[in-house]
Structure formats: structure tokens, C-alpha cells
Amino acid sequence: MDSYAVIGNPIGHSQSPQIHAAFARQLGHSIDYSRLLAPIDGFEASVERFIEAGGRGMSVTVPFKEIAYERCNQLSSYAQSAQAVNALKFEQGRWVGHNTDGLGLVADLIAQGIKLSGINVLILGAGGAAKGILLPLLESGIGGIDICNRTHDKAVQLSNSTPPNYLVRAVSMTELTESYDLIINSTSASLQGINLPIPSSVVSPSSCCYDLMYSSEETPFNQWARELGVTKRFDGLGMLVHQAAFAYEFWRGVKPDALSVMEKLRS
Ligand code: ATR
């Protein structure tokens, strides 16, 4: 039986085993998918042991996405752009790295009926999560991206790292005067239960607000959006399931249907 795992620290909360088991059932595949807790300083050794035991591929989560990127022998363009790897496959002992986070976000937006062509996008935050979604968003046909971050220099660096043919700007909080079609919260503020000090003028009732975080409770960012009358509000659960479907395809060459699995997880 082909063997896969999600590796992270902590890992107990990961929903990946459930999601991948559902994909395998859907496709009639017989796979084993487990959780692997690696010591903070023992990522590579844990992966090597998994490979020796016959492991075929892995999902990589916090805090190992960047170390996985550094270690790979081969990288997809999405992993290169994100400078992080969330899906690994092993081919004759070689580590092949991919990043499906941004692909998952775009797939979820499309599945939710959000029109992407020509829209203006605001990304809040300029950390690893923002870096991971930039290339797929830019390739999706959106008009342009403004990046706003508490530490402005990081937004400048990130905007400068994108290919020159795309419209990406770093904007400071005080420059946030226009409204956006899509506002994405990539900061970890929601995890801390904190609301960001952004002006309400960035949203209009027709805007879409997307929090990359998900939880059983409404996130502070989505609560803020609801209070401003935004009806199109999403958390990161859809992105989680869609990014997993892309990882499954990366490993096994066939893409499962994410929507039916997402409905089950929501209920
Ligand atoms: P991740 O990989 O989850 O993106 P990260 O790389 O540490 O984690 O980035 C966290 C992001 O959330 C950063 O953009 C950070 O802003 P700074 O660059 O100024 O640190 C942002 N962030 C975290 N807590 C925040 C808060 N309370 N208010 C505003 N931004 C916050």
C-alpha cells in the first residue's frame, strides 16, 4: 500500500489524514496516510526514515515548509516563488518539492463563484502565507495586487520579488484609500484573536473578504467584514481542501473532487 504522511510540529490538529482518506475512498485507491510529529531540529532525519520505510510523499506544514524548500533536489515554479514547500514526493531518493497553497486558494475562489478577471486585490500581511499565494493569484488573470503589512519594508520586498510584468505594489496603511474587489488576510492576527487596524473604506458591499485562517468560530477578520455588510466572506477551509487535492494529484497523477470533501468537513 502506498504510504504518505503529513509532517509538522505540532501536528495533532491536522485535518490532512481525514481529507486524504476521503480522496482515496472517492478514487478507489488504497493508501496509508498518517501524521508525523518531527522534532524541531529533526525534520530531515524524520523524512529520510519515512523514505527508507517506503514513503512515497508528504504534506509539509508549520514550521518545516522553508526547510523542505532548502532541502529539495527539484522544485516546481510555485515552490520557487513561495520559497516554501508544502508537498513533497520522493523519486529514487530525490526530494521533489511543490507548493499547492496558492493553487488551492485560487481553486476555492473559483469554486465559490468569485470572478477573478481584472479585479483589484489587497493582501494584508507579507509573511510566508502571502508569499505562497502570490504567483497563482497573479496567473489567475486578476488586475493587480496591493500588499499592506504592519512592517512596510517586508511588503516592499515582497512586491519587488514578483515578475515585472505583473502589477504589484506595496502600500502603507495610510495609503489605503480605495476599495478592493478582493481582500485577503494572510496575517497571523486572526490566530491571536486580533483585529487589524485597516480602514473600512477598503471594502464595499460587493467586495469579497477571504481569511487564509480557518477555525470553527468566525475569524475576527471575517467578523469585521460581516459588520461592514460584506456578504462574500470565506475562511481558509476551502483552500485547505483544494491545496490537498492538488497535492494528491502531484503524488498520484489524478485530481480528486475537493468540493464533496469540503461539504463533509463543514458539516
Ligand atoms: P506566516 O508564515 O503565517 O505568514 P509569518 O511569516 O510570521 O507567518 O508572517 C506573519 C504575518 O502576519 C506578517 O505579515 C506579520 O506582520 P509583520 O511582518 O509586521 O510581523 C503579520 N502579523 C502578525 N501579527 C500581526 C498583528 N497583530 N497585526 C498586524 N500584522 C500582524
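Each Cβ is built from the backbone N, Cα and C atoms, and glycine gets one as well.
Using DSSP to sort the residues of the domain 'Shikimate dehydrogenase substrate binding N-terminal' (6-87) gives these counts of helix, strand and coil: 35 helix, 19 strand, 28 coil. The domain 'Shikimate dehydrogenase substrate binding N-terminal' feature in TrEMBL is assigned to 6-87.
The Cβ of Q15 (shikimate binding site) lies under 8 Å from the Cβ of L240, L265, each on the same chain and at least six residues away in sequence. Here TrEMBL flags S14, Q15, S16, T61, N86, D101, Y214, Q243 as shikimate binding site.
Marked as active site, proton acceptor by TrEMBL: K65.
Look at TrEMBL and you will find 115-190 tagged as domain 'Quinate/shikimate 5-dehydrogenase/glutamyl-tRNA reductase'.
Cβ-based neighbour count (10 Å, all protein chains) for H152 (NADP(+) binding site) stands at 16. If you look up TrEMBL, you'll see G125, A126, G127, G128, A129, N149, R150, T151, H152, D153, K154, L212, G236 marked as NADP(+) binding site.
What TrEMBL lists as domain 'SDH C-terminal' is 236-264. Looking only at the domain 'SDH C-terminal' (236-264), the predicted model's pLDDT averages out at 97.
Cβ neighbour count for S16 (shikimate binding site) (all protein chains, 10 Å cutoff from its Cβ): 24. In three-state terms derived from DSSP, D101 (shikimate binding site) belongs to a helical segment.
It is K65 that, of the recorded positions K65, R150, K154, has its Cβ surrounded by the most other Cβ atoms within 10 Å.
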